Each structure stands twice: as C-alpha cells, then as structure tokens.
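Record features (TrEMBL):
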| type | residues | note |
| --- | --- | --- |
| TRANSMEM | 59-81 | transmembrane segment |
| REGION | 188-207 | region 'Disordered' |
| TRANSMEM | 223-240 | transmembrane segment |
| DOMAIN | 224-506 | domain 'ABC transmembrane type-1' |
| TRANSMEM | 260-279 | transmembrane segment |
| TRANSMEM | 336-357 | transmembrane segment |
| TRANSMEM | 363-383 | transmembrane segment |
| TRANSMEM | 445-473 | transmembrane segment |
| DOMAIN | 541-770 | domain 'ABC transporter' |
| REGION | 794-817 | region 'Disordered' |
| COMPBIAS | 802-814 | compositional bias 'Polar residues' |
| DOMAIN | 841-1108 | domain 'ABC transmembrane type-1' |
| TRANSMEM | 883-909 | transmembrane segment |
| TRANSMEM | 1052-1072 | transmembrane segment |
Amino acid sequence: MLLSFSGHNIISPALAGSCSSRIGTLASEIAQVLSLAASLFAIRNVIKAESTMFPWMLRAWWICGFLLSASSASLSTYLRTTHPGKKLELPDYVNFLSLSLSSFLFGISIHGKTGIATATATFSSDMKEPLLPAEGQSKQRTRSPYGDATLLQLVTFSWLNPLFSVGIKKPLEQDDIPDVAFAECLDRETERQQSSDNTDDAGGSSSSPSIYRAIFLLVRRKAAINAFFAMASATASYVGPYLINDFVDFLSRKKERSLTSGYLIALGFLCAKIVETVTQRQWIFGARQLGLRLRAALTTRIYAKGLVLSARSRQGHTSGEIINYMSVDVNRITDFIWYVNTVWMLPIQISLAIYILRTNLGAPGSLAALAATLLVMSCNVPLTRMQKSYQTKIMEAKDGRMKATSEVLRNMKTIKLQSWDSQFLGKLKCLREVERSWLWKSLRLTAITAFIFWGSPAFISTITFGACLMMGVPLTAGRVLSALATFRMLQDPIFNLPDLLSVIAQAKVSADRITSYLQEEEVQQDAVEYVPPGGDERFDVEIESGKFSWTPELVSSRSSSNVTLDGIDLRVKRGMRVAVCGTVGSGKSSLLSCILGEIHKLSGTVKVRGTKAYVPQCPWILTGSIRDNILFGKAYESERYERTVQACAMVKDFELFSCGDLTEIGERGINMSGGQKQRIQIARAVYQDADIYLLDDPFSAVDAHTGTHLFQDCLMGILRDKTIIYVTHQVEFLPAADVIVVMQNGKIAQTGKFDELMKQNVGFEALVGAHSQALELVHAVESSTQQTTSLLVADQEENSDPSRTSKPCQQQQRDPVGGSIGKEVYWSYLTAVKGGVLVPFIVLAQSSFQVLQIASNYWMAWACPPTSDSNEPAVGLGMDTILLVYTLLAAGSALCVLVRAILVTTVGLSTAEKLFTDMLHSVIRAPMQFFDSTPTGRILNRASTDQSVLDLEIGQRLGWCAFSIIQILGTIAVMSQVAWEQYYTPTARELARLSGIQLTPILHHFSESLAGAATIRAFGHGERFITGNLGLVDNYSRPWFHNVSAMEWLSFRLNVLSNFVFAFSLVLLVTLPEGIINPSIAGLAVTYGINLNVLQASVIWNICNAENKMISVERVLQYTNIKSEAPLVIEDRRPPPNWPSIGTICFKNLQIRYAEHLPSVLKNISCTFPGKRKIGVVGRTGSGKSTLTQAIFRMVEAREGSIIIDDIDISKIGLDDLRSRLSIIPQDPTMFEGTVRGNLDPLCQYTDFDVWEVFSTILLSHH
C-alpha cells in the first residue's frame, strides 16, 4: 500500500504536465494532496515500528521517487528565481512538501530498516562472560535503546535521552551504561574478523596475515553507507555559497524581483543546511562506529597473538611494546577511519568549489583558484614524507620508553632494595628525552603545516581576485562574497588535509607495526602430536630422537652449539612418576618445555596422550581471589576443592586470612609469600584433574616441612594415579620416583631407579654426593649456632601474630570516579610551564588572526560595487588598491596563525614534558605499598595512552576550544545560551572518564596473560582467556560508544537550532524594505552565517571534548602527588663511610603493619642479631620472615619501635644511605633486558676482573 501511495507522488507530476485543462491540473493537485496524506499516515506507522526491514524493490522505488522529486523541486526553484515575473503556484509548494517526504523515505531506503537489531536478537545470549568481571559488576545489564530505536530516534539521537536523564541526576557508573547494541557485539566482530582471516588463508595470497585486507573486509559495508552520507553532506554544504550571489543580487534589486523569490532562496538555504546537518551527523557517527568495531577486532587479534608467540618472538616484543600496539597504534588506525572519507571527498569538494567559482567569476577566476589550490596541496608531499619519518621515530622511541618503564615497574622491589632508584630514573629520563626530541620535530612540522593551510584561503582568494582583475572580470560584492564563502568551505578540507596526511602517516606506521607483530613466529603447532587418551597405548609421553633449540635461527647443519636438547629419547608410561634432575643449565626445564611444545623442535617426534597441567618454576598468579586462581575456570566442587586444598597444605593459610580463600590477592600475587604463591599454582594444577602433570621444581619456594607434605599428600597421594614428571634439586624426593632422568649438557645422561643409578657410579652419584656434602656443611653450621638459633625461634614464636595475614585482604587502589574536572586541573595544566605566561600571547595571536580575517573580508564586501551595474568601487579606490589592502590584511592574519601555532606547540609539549617528569619522579619515589595495591597496567596506561594525549592532543584541543570561542564571537555579537550544554556535559564527562578507567583492566589482563602464556597454553585455556578479553573490551566499548553518541546528540541539536536561527535571519533580510541594510554587508553576514551551525556546534563540542581530554591530565596529575618514601639522603644525619662495620642488628619493640586500616603483621619484636654471624630466620610459610627482611630495608616503615644497626637508628637516616650499604638476594629472581654483565653490574661500578670472579663463584663462568 505504501508503494502505491509513494508511486502516485511520482506519477502525478507527469499527469499535471500532460493535462492542459483546468480540470486535469486540479485533479493532479488533489491526487498529490491525497497521496501526501496517505504517505504521512503510512510513514507514521513505519516510525512506530521497531526493527522493520524493507524489501529492496521498495527501497529502490523510494530512491527513484526522491531523485524525481529533487529534480522537480530544483527545476521549479531555478525557473522561479531566473524569471522574476513567474510566481510560485500550488504545485510548486506540493513539490517541496513531497521532496521533504521523499527525503525521509530516501533515508529509510539507504538504511534499509527502521532499527538496528532484529526483534528476535538477544544480546545476553550472544555476549560472552568476562574473565575478570569488575568488582560489583551487575550481571543484569540494560540493553542499549540504540538497538531498538526508530528512524526518527536514530536521526535525532533521542534514544540517548534515558541515559542523559540518569546522568543529570548523579554521576554515571559502569552499571548505568547500557550494553552496546547487537550489531556492535564483540564476538560478532571477532567472528567477522576470523572469517576474513580464513578467506585470506583460503585464497593463499600471502603467507602472512594482511591487516589491510582484514580491515577492508571488516568495514566495507558500513563504510559504503557512511560514504553516501559524507557525499551528501559535502554536496549540501556548497549550496549556500552557490546561492549567496543570487541572494545579494535579490537584496540589491528588491523592487525588480518578487518577494517570493527571496523566500525561495531562504528556503533553499534552510533545506540545504538541514540535509547537511542530518547527513553530517550520521556520517561522523558512522565513522565512530567503524572505529569501535575496528578497535575491538584489532585488540582481540593482538591479544590472541600474544598468547601464541614463540619464546624468540617474546624476546623481541616486551609487554610495554605490545601495550603500545593495543593503545597508541590501535588508536591511530581507528582515527584514520574517521578521516577515510576525506581522502576521496577532497577532489569532489574542489570540483564543486571550482564549479561555483566558474559560475560567478568565469574561467579566469576558476582556473586561478584551481592552480592556487593545487599549489597549496602540493606542499603536502615533502611535509607528509617528513611527518611519516618522524612518526616512525616517535613510535620507536615510545616503544623503548614503555619497554623500560614496564621493566622498572615489574622489578621495582629489587630496584628499591638495591637503591637503584636514581639510576633507573635517569635511564627513563634519557629515553623520554629521545622521544621528546622527535615529538618536537613532528609538532614543529605540524605548526608549519597549520600556518600554510590557515593562510591558504587568503592566498587562494588573492590569486583568484588578482587573476580576475588582470582579465577584466568585474568583481561585484555578490561575486566576491560567494567566492569568499566558497573559499571558506574549501578551507575545511584543505585545512584538514595536513591532519589527514598526518593521520595517514601515523596509521600507516601503526598498521605496519601491528602487521609486523602479527607476522611474528608463533609456538610451533606441530611440535607435539596430541593423541586422545585411552586405547591400548601404555605411554602418555613419547619422545623419539628429539632435537630442540630455543634459537632455531642460529642452528646450522655444521654446528650444534645452539642446540638446547639433543638425542632425547624418553617414554613415560601411564601413572609413572618421573623425576628429572641435573646441574643448573643442564636442560631440565627445557625437557618439560619440549613436552609442552614451547621449545622449537628441530627433528624427532613428541607424542602426548591426555590433558596436561603445568606448574612453572616462577609462580604465576592472576589478580583475583585465591579460589578463582585455584579453580582457573573450572566449576566449583566442594569435595574436590577441599581435597585439593588439604593436599597442597593451604588449610592453615586460609584460617589465617580474614577472608579465607576469597581473599583478594594483588597483581602477580605480590601480597603473598613465595611459598604461598607456589602452593596456589600447585593447587590450580591439582584441581584441573589432568592426565599428565609437569612440575618444574615445585618444592623450591617452600620450607622442608611443607615440601614433604606436598610430596606425600599431593604427588604420592591425590595424584598417585596420574602421570607426573617433576624437576627437583631435592635428593630426598628422588627415591620415590619410578624413573629418574639425569640431564647433562642438554642430553639425557642416565635413566633408571634411584638404587640402579647409585650403583652405576657415574654422574648421578656425584650429584647426590654434592648434595650430601652441602647438607653436612649446613648441619655443621647448625650445631655451632644451635643456641642462638633456638633463641631466635623462641623469640619469633613468642612474638608472632597470626592476624598478620589480614594483609592479603587489601583492595587495589581505584581511580576516582565522578564529578566534573576541577578548575585546579585546568590551572595546573595552564601554569605548569613558566606560570602560564605564554597563554595570553596565544589568545592575543588568535584574536588578532580573527580580527584581521574579518577585516579583510569586510573590506572586500564594503569596497567592491554591490552589483554589476555599478562599475566604480564604493570607496572611490581602484581595484588594484582594494586588492593590495586585502592582501596585506590576509598576510597579517596568516602571520598571526604562525605565531599561534608555534606558541601552542611549544607550550603544549613543554607542559606534557613537565607533567611526565613530575609523574615519573612521584611514581619512582612511591613506597612499595603503592605498587602492591596498584596494577602495573594502570600505571602503564597513564605512561602510554594518557601521556600520548598530553604530548599530541591536549594542547591542540584546548587551543581549538579557545579558537572556536573567539571565532564565533567574531562571527556573531551575541549567541544564545542553551541548556543543552549543561544537560550534556555531566553525562559525557563521566562516559569519557569511565572509558579511560575501563581501558586499564584490558592492559592489566593482557600483561598478566603474557606473563603466563605458557601456563595458559599448557592448560588449553587460550579460548577462555580470549573470551575474557572480549568481555573486558566490551566493558570499555560501552562507555566509549555512548560517549561518541552523546557528542552527536549535542551537535545535532545545536546544528538544527543554528539552522533555524540562520533561516529566520534570512527571512528578516528578505522582508525588510530596501535601503535599510547595505546588501553587501548583509551578504557578508550571510557568508559567515552559513558556517554558524558549524561554529556554534564547534564551540560546545570543543569545550566538551577538551574537558574529556583533560581527564588524561587529571589522571596524570593524580600520579604526580603520590605519597613519597622517606628522603634518599638526609645531609645532617649521614652515617660514617665505613658503616656498618660490624653488622649488629637490634630490634626493639618492632611493630609492622602494611596499611593504617590493617592490624600489625609483626608485634613487639625484640631481639639482637650479632654482627659477623650467620643468622637463620625460620618459620612456616607466611609467618613473617620476608616482612622482617623488608623492615630492615625500610620497604615498609615501622609503626612502633626501632631497628638499630651498629648503633644507628635506621629510621633517622636516608633510604639511599641505608639500602646502598646493605645487600640482599631477593626471593623472586629478577632479570633486566640486556647483557649478563649489565644484570650483574647495572651501574657499571666494577672491573672485568671483579665480574669474572663473581661468575666463577656462582659457577657461571663456563656458560
């Protein structure tokens, strides 16, 4: 039915044209009215429907109807405006009304449906459960109204109104934000991405993943629709400049032209602006949606790749670098999506501008404008090349800084214990200085580019008017103003061109970096042949003629020096316990790695039957509760869980924890002892109920009693029927093994039972003998110090307090949420460099630019003759003089732009550098409690994403905010204040803040996953972690999606308001009698009024966007005021150079607690450690041994009491004087990237002889 009514709108104009009689014309008009009424009724029902999909034939019919209606209306407008004697008739009005309805139906035909989601789609069933849900996260979340919005709600963005209603009442929280719409669901985008990858693989076009093709396949459909809106917006924006000449001519000839033609011109302005507003908002919003989808897909691919990187690839990409890929590089690629339509739109916009200039100024003016435009654009070629080079250097420098920052944060405890704070701080500063130098070059080039293109309209107009003057083309006010309006419209794409080129360069560099990362070598997929369990096969693990290497690229056919394992033949029967022993570096851990498939297989076969569980040598703990770490994705079964906990000796620990097994443990388990972390990961493996258990030195971090318990109750008890391969240095656990494998120099030297190997009198006996000798030395020391040791144990038992273990219940520090950006944040940013003395000069330069720009345009409008009938200029000057004055004013405005750009670049980068330095000092000097309660990802997020905003965006954003205000104040004297900004800002601010907060869990989760990638692969939980990453990315996407939607909500309303204000002004100018207003000045007002909607929206948008970006400043400032440790040096209390000379340590009523709200960990410790003696501190795991050590180094300050070393109270001296005089071997091994010597002597204080002497002492010289 709707099809027939719509068709009548097309047929009836043809009938009207063919009927010459009065009855036929009247019948046609009546038919059009009836068709119009029926269409209104049908459209009303369509708007009310939800998610209605229309057939393609009906959509094609509507498109044809729109084209015919547009042609008919354009023809009527042209005839009425070019023939003053003709008046508007009833069919003309009906044509315009029909065009409005046809435009509406045209929008539906392009979109295809009234809503986004189908009525049967359910988000909850399609979204996967996050791995690490936020604390207090609601399981029942509201679905976004966007998915069920009607067409009218989509056009006006009114589907956001419920969210604004909540945001105006209270600060938004994560649970207040609806889920993203069905079409934006992350796993759908991942499926699309995977399907495109499969297409790549099937095509066989390349052996490596093509990120460019994958991006194209992901965005092509939405991008095509988006391109139409961009094209329509660009075309509609040039209607205004085209009509200005006619409007000025109408104002100059009011007596000769009908009033109706003036109203038609005003109507043309209004219709064009409405079409521009609707299509522009849909275009920008669509680009943001594409960016969201692309961000999700790229983040997921980067994360998934990180889980399968080989060991060699991991050495080339640290966590800091990959976090840069996820944050900075992905941001740059998604920013390019916003600009992508500008690439192909630029020639079209230039063509439209040349056509308008050709119409008004003839061939000379248009050709001169084209030549000047091409000349300006040609300047981009060398600038783009330089910018691309700078961007590559910037990213390399940023990677180096982030790599070092990540390493420092990861090893902060060791750095503080060794008193290396200042040295590593200096290293980070040097890396930042390299980055800053490239940033300065890039921003300086951006300032030069801004000068060229801000001055381009004045340059082009000067060349154009000069050509017209030389060729004798008369310059009337109407033609000049039309040309100036065209140049102003052309200024936008030309001005965006440097940004576009910069974005293209940045996106290309980032895409190449991500492509290079995605092409890195993965874990060898065919290294292990997995055979289903069962059958007649008796062997769970089989290795035949195995040859393996960690560095396969260095292995040659002639040399085997880089072969890690060679000639490996091993068969492990089902249910066997196999012990692997050998000296340090003999290949024990590598043997387990070849079973896991982690090490590259050069030759041979490896077969594994059944599921695996792996306990690495270094404990890997996830942030979360102890129970979550043990369950590791498995369902909770109370009986099985209790047996696991008892077998792993964790019952007493749970009793001491105030929250039991629900205790939250910090990042990497840093608030637990090494033994507790080791037992947690053993319990994780036991609970998995796997077929094969691979344990890499599982007893090294626990005391002898606990180790015995683990061996008896765990390996010999709950796992007695499982296949177990365990690496150990404890000889006492070897006799119980069914088979002992002795490793030597990467080969299996011996295999057999304990008694058999002892009788062979080869390497194994020597290994056991060395262990026995070591035990004899220990017993000798114990007997000589037995009395002292007993006293110490008694003191410890007397003073220990079980409640100390309330420490693990600590909660992580969270980013503050809620409230507006305080004035002190803006003030701190503006005054960070030289007290803000340069800021007034920036404002002055921009104000001068605006004044001179308006003055140049005003001069041309006032000086040129209003019509072609008047040949003499209004000021009695020659056209060459008029043009000279215009050129001088334009050159002055361009010079002001250059000054402004240089000042903004200087102030912005200097401020970013100052804030970075302050944050770096504050973080490095923060106490260990800060690092215990703050995830590394949160700090890296500030050092990476937020710092990038400070380096490259915030200065420009604040500048644009000020520039937009000055520009619109120069355009109109008084601008109406609307309540929309106040209604919009609270919600948008909180959405932007939540976006920044939700990015941290993604980076933190990724950092943890990279550290435990081998464990994740061993357990076969890669898909579960990828699913968890999808959930975290979706949590970030929710506030981000609604934030960009809120921006479009505001912009649409401001644009519509400006359009009607502009239309009312035009109607007023048409209605006023002739002679009251100078037509030239009125035309100048219209020239500026064309951009009123853009400027007005720009003011509010820039203010709100600047506030959103200031959140990064606020987050950085938070970390510039962290409570610091005690001073490094106290000049008037420095100890003697030879302190401590004896080493006597005296504890007096020492009380330690980790936070003010927690009870004491150590209570009333009073004892003395004699100097020059070997003191043993014993106690069960978690009893406070490590805390006592940390107290000596003042890693945690004493609540009461004191520690005196050689008669000096350590609380009275500086930390550097204390820690530099002590030495410690930390419980957790720490390695820095670089050489072995660099790790041994990072400060380069010792000679080669000293270094080699230490190597010999620790038996590493032969390596």
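Residue numbering: from 1, along the chain as shown.
Glycine too: its Cβ is placed from the backbone N, Cα and C atoms.
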| task | Sort out the residues at least 6 away from either end of the transmembrane segment (445-473), same chain, that have Cβ-Cβ distances under 8 Å to it, and list them. | result | 357, 361-362, 364-365, 367-369, 371-373, 376, 379-380, 383, 386-387, 390, 480, 483-484, 487-488, 490-491, 494-495, 497-498, 502, 849, 853, 856, 860, 879-880, 883, 886-887, 890-891, 893-894, 897-898, 901-902, 904-905
| query | Taking the transmembrane segment (336-357) as reference, which of 223-240, 260-279, 363-383, 1052-1072 has the most Cβ pairs under 8 angstroms? | reply | 223-240
| task | Quick one: find which recorded stretch in 223-240, 260-279, 363-383 has the most Cβ pairs under 8 Å with the transmembrane segment (1052-1072). | result | 260-279
| query | Apart from its near flanks, which chain residues at least 6 from the ends of the transmembrane segment (223-240) lie with a Cβ under 8 angstroms of it? | reply | 110-111, 268-269, 272-273, 275-276, 279-280, 282-283, 286-287, 290, 337, 340-341, 344-345, 348-349, 352-353, 356, 485-486, 489, 1090
| note | Taken over the domain 'ABC transporter' (541-770), the predicted model's pLDDT averages 86
